[in-house]
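Some notes on the structure that comes next.
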Amino acid sequence: MAMPQNSTGENGFCFAQTLDLSRPSPPPGEPGQTFHVLSGQEACGTPLSNGTVSSGAPSPSDSCAEPLCSTTPGEEETRFGKGIKYVSAEGEDLACGWGGFTPGCLQPFNTSKGVLFFLCVASFLQGMTVNGFINTVITSIERRFDLRSYQSGLIASSYDIAACVCLTAVSYFGGNGHKPRWLGWGVLVMGLGSLVFALPHFTTGRYEARSAAEVGVCGGNQSLPCTQAASSLSGYRFVFMLGQFLHGMGATPLYTLGVTYLDENVKTNYSPVYIAVFYTAAILGPAAGYLVGGMFLNIYTEIGREIDITPENTLWVGAWWIGFLGAGAASLLISIPILGYPQRLPGSQRYIVMRVSEAHQLKDGSHKKASDPDFGKTVKDLPRSVLLLLKNPTFIFLCLAGATEATLIAGMSTFGPKFLESQFSLSASEAATFFGYLVVPAGGGGTFLGGFLVNKFKLRCSGIIKLCLLCTVSSLLSIFIFFIHCPNMPMAGVTQMYEGSALPGGHLNLTAACNAECGCLRETYSPVCGSDDVMYYSPCHAGCRKVSENLRNGKKVYHECSCIEKTLLPGPGDAEAGKCTSSCEKRPLLLFFMFVVILFTFLSSIPALTATLR
């Protein structure tokens, strides 16, 4: 008996594929397994995950499932054909709890919305820690632990290395296992990674920043303390790499099993919205990390200690470690409720019945083997699983597009604040805050809008891929804004000669007639901005002989600087601690197009993920 097609359905279309029961139909009359027809005004019953049948007026969204209730016990196997698996939940404990402890007060949270909430919190913490805090504090830990740029880049890459190592095993075995347990343990490991990352602050001595007086002016003591000259804390990079490796291990289940767990336990047409909310939380996490991390960088790393330098000083190190402690503790707490969820949520069986696969069908029929319920439960099926994916051209090209887009996102999130810092002469805190203001509306709004558009227009795979192509082309056109850049701020001895001419050969030449007698050291980099709007390597290199403090902003002001000419009166000029403010007028244009790039990049993320799942 063939299943009739209906004109409406769960996702805007009905499917002609029929259902194949994974176990023989029980005898008529056995409780919890019969489908029957109700007479008169009685409505069609919907089979629940615990085997019972609920009755009530059928909703329009259940129209595709109506033929299921018009069968008799003997007709089920002839009615349900190939294409979709029905997994029985009989004998499973679908209550929320830990082992035998399943208190009734937890059961109201045993819903798809409850899972979505806790997974959103976990993805928010992951984004805030890995893509927010770490990118914000990278310059601070470079300064604090004597790290080079390639070493800090290796620290950032340790997350991706761990994800690549764990991805295949977690997705393959976790996909057939108890997903919430994999998710819960992953969030717990992620929390441990944050605590490990903050550990070097507590195992090293106090950070002794050289104040303005210690840096010295012309004629002062320019010798470096022996302890500071000889010390090196670069070995702590391995501790940071371990913390990042744990971050990568813990986050791997979150973005593989978390997405599929949501997709399996909600209606087909609601799935893009749920996943969009999940990924929106993941995008808001980095934005919060930039903003909160920027605030922490305004606090000196040794909390409670008086210091006479300001955050604008290049020797300043902010309290980079506070965010990791808070995020680590929160991750440990949020892992507890996630570990309590069952393998399948109550009521999820009806959504398994309704789901339609739009996957690429192979001519050799090997996809039928993959639809076997026992396929994929052992390691020997792994090569065939990989081969089936490699033969799926749509899936492969979606993955390649996602990989190239991830390269853009990774580069921009890691070096975006540093780019703003150097282009517009901002402090690390200001650059992180600026970038956070970009990511909040563009990244979060684009992610949610992408899922909303798929749900609003009920797009199928072909329409979703066209939307992704449109977003990608728009993002690609906007990225040419990076060919427009601001000129470097003039710096005496670095970008130009002291008298203002071009520096020959591009080599440093910090010594001139005006500071030849000062005995300045190249190791004491502490830039100052002269009254002639030229930056100098340090007060000593500017030839400054006196220092005072500006009561209005608390910055150090240097006087009688022999290398600086007064603008109106003859004689030596003054300088102020810190970099000169950039006068580049292209900043609004650059920030606008960066907003457009981030918006369209994230606008295509949820549609691409939805197409991959289908």
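Any Cβ shown, glycine's included, is placed from N, Cα and C.
Features as listed in TrEMBL:
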type     : residues : note
REGION   : 48-76    : region 'Disordered'
COMPBIAS : 48-62    : compositional bias 'Polar residues'
DOMAIN   : 115-614  : domain 'Major facilitator superfamily (MFS) profile'
TRANSMEM : 115-134  : transmembrane segment
TRANSMEM : 154-175  : transmembrane segment
TRANSMEM : 182-202  : transmembrane segment
TRANSMEM : 238-262  : transmembrane segment
TRANSMEM : 274-300  : transmembrane segment
TRANSMEM : 320-341  : transmembrane segment
TRANSMEM : 394-414  : transmembrane segment
TRANSMEM : 434-455  : transmembrane segment
TRANSMEM : 467-485  : transmembrane segment
DOMAIN   : 508-565  : domain 'Kazal-like'
TRANSMEM : 589-613  : transmembrane segment
### Query
Is it true that the transmembrane segment (434-455) and the transmembrane segment (154-175) have 3 or more Cβ pairs under 8 Å, skipping pairs fewer than 6 apart in sequence?
no
### Query
Out of 154-175, 274-300, 320-341, 394-414, 589-613, which stretch has the largest tally of CB pairs under 8 angstroms to the transmembrane segment (467-485)?
589-613
### Query
When the pLDDT values for the domain 'Kazal-like' (508-565) are averaged, what is the result?
84
